[in-house]
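Trainee: When I checked TrEMBL for this same protein, it listed these features:
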- D472, N499, G501: Mg(2+) binding site (BINDING)
- 34-139: domain 'Thiamine pyrophosphate enzyme N-terminal TPP-binding' (DOMAIN)
- 231-349: domain 'Thiamine pyrophosphate enzyme central' (DOMAIN)
- 441-565: domain 'Thiamine pyrophosphate enzyme TPP-binding' (DOMAIN)
Amino acid sequence: MDTKIGSIDTCKATHNDAVTIQTPMIPFNSPDSTLGRHLARRLVQVGVTDVFGVPGDFNLTLLDHLIAEPGLQFIGCCNELNAGYAADGYARARGVGACVVTFTVGGLSVLNAIAGAYSENLPLICIVGGPNSNDYGTNRVLHHTIGLPDFSQELRCFQTVTCYQAVVNNLEDAHEMIDTAISTSLKESKPVYISISCNLPGIPHPTFSREPVPFCISPRLSNKMGLEAAVEAAAEFLNKAVKPVVVGGPKLRVAKASDAFVELANASGYAVAVMPSAKGMVPEHHPHFIGTYWGAVSTAFCTEIVESADAYLFAGPIFNDYSSVGYSLLLKKEKAIIVQPDRVTIANGPAFGCVLMKDFLAALAKRLKHNPTAHENYRRIYVPEGHPLKCEPKEALRVNVLFQHIQRMLSGDTAVIAETGDSWFNCQKLKLPEGCGYEFQMQYGSIGWSVGATLGYAQAAQEKRVIAFIGDGSFQVTAQDISTMLRCGQRTIIFLINNGGYTIEVEIHDGPYNVIKNWNYTGLVDAIHNGEGKCWTTKVRCEEELVEAIETATEAKKDCLCFIEVIVHKDDTSKELLEWGSRVSAANSRPPNPQ
């Protein structure tokens, strides 16, 4: 279940040795011993075979050198925002992603996507073609800027949403800066920013003629004494509990601890749940899996088991207003062990730093007594969910009927992408078969994210058929890059859920601004298709048409990009969204504290 990072994962460290990547030597003074080719080789070495971007005059020479590298493909997107979202989706499937844009006018366009990747702890390499190196410090005003001779505006914006920034405007330290940036992104599991002066990529330089030191990422290590103390304290705490549970959180990904979490679940016998943003990181076919813990909008009977437990271990949680349903979770700190990627906190007692989550969970698994009490309680109270009311012939399609059919489409060869909105709640209720991928962006919650992310994920995981669920409001933000999916020959199935507005906003606070102009969405995609590539579209208004559409998409049109517009009533939402929206609304509208 751990995220793999391209070819790095094939070079396993043994006995805590560093991870090393050997690279072919380029002859001294070869025309290929350039900054541009060095960057391209590094991207391929870490597992990036597709880089997303938009050309601009400051990055054109750099793009020449990137596409000259065997094994690296440039995928031109319709705008920089989608290129960033695509790199985000790519990183989720491949372990690292990359995008290339031009200075300021491109950099500030991609910034929102980079911020989202930062919030989701994704390694993403954002490369910007920068000003000519001779222009720095000259007091010149350049195009694509805000009209000041100071070129640092873009850098200052990226400093808050990346973990490392490299401005490469000379060749002497370019090798070191690029290598440091890429390795920092992988180590920190966050985006980095690399700006490369537009006149430098094609100039041979001795530092690129050979690799003086092989690319190397030293593994993080736990403090041995801290680890032993943390495990001892946690085992004592959990072993005296009557009905403990374990809950997986979204930072399982950055900690690469999903396998260790499953090991703990197997050894302990505890009931196993996930937070909503960790769906897909823990196998749902596990015998003790009880569903998604999301407070009042949890899957059936999960919240009762978690909140009534006398001890719970949360591995990598993020508690924000969305994941806590407007701060309404009924959890008690004195019952909780909180395990973060490199820190363990036990109830109101001790905290242990420099303890890696995967080491802690694996060691704790060996110290816990088997205790299936919570899971046995779950099995006693669990009542299988009822089926939606059967549709009358040609009755308007209901969303709960739609997702009943979606469930049957899922397999280990599929992956689900859920857009911000009611798709969050409907997709949470899907039961993922073994091997089925699942992604959504909960922390940042940027509408429109899923179009680019679907493009990137499908490009990185070509062995899977991606099934994306996108609301009409979100689709209007980023629709253009359907064209890029067609150019790449992708065979994604997109369900466009057309309910006439921003439904998630309606349930938090309604107003006329939540109503949008209705489009002929299938007509738009047909126009984008324009006879080039494989594409099939259809509109669905009732269950009979849905059944026919799914059959066509999965059989006769299985090699096509399939776009299915599902027309539903504007008030047809999940009960979970209604509950969640009212609680988030209450949290947002709290009056000021008295002074």
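Cβ coordinates are placed from backbone N, Cα and C, and glycine is handled just like the others.
Unlike curated entries, TrEMBL annotations are predicted automatically.
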Trainee: Under the DSSP assignment, what numbers of helix, strand and coil residues are found in the domain 'Thiamine pyrophosphate enzyme TPP-binding' (441-565)?
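Mentor: Within the domain 'Thiamine pyrophosphate enzyme TPP-binding' (441-565) the tally stands at 58 helix, 27 strand, 40 coil.
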Trainee: Using a 10 angstroms cut-off on Cβ to Cβ distances, just flag whichever of D472, N499 is the loneliest among these binding-site residues.
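Mentor: Across D472, N499, these binding-site residues, the one with fewest Cβ atoms within 10 Å is N499.
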Trainee: Would you mind splitting the domain 'Thiamine pyrophosphate enzyme central' (231-349) into helix, strand and coil residue counts from DSSP?
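Mentor: Helix, strand, coil within the domain 'Thiamine pyrophosphate enzyme central' (231-349): 39 helix, 25 strand, 55 coil.
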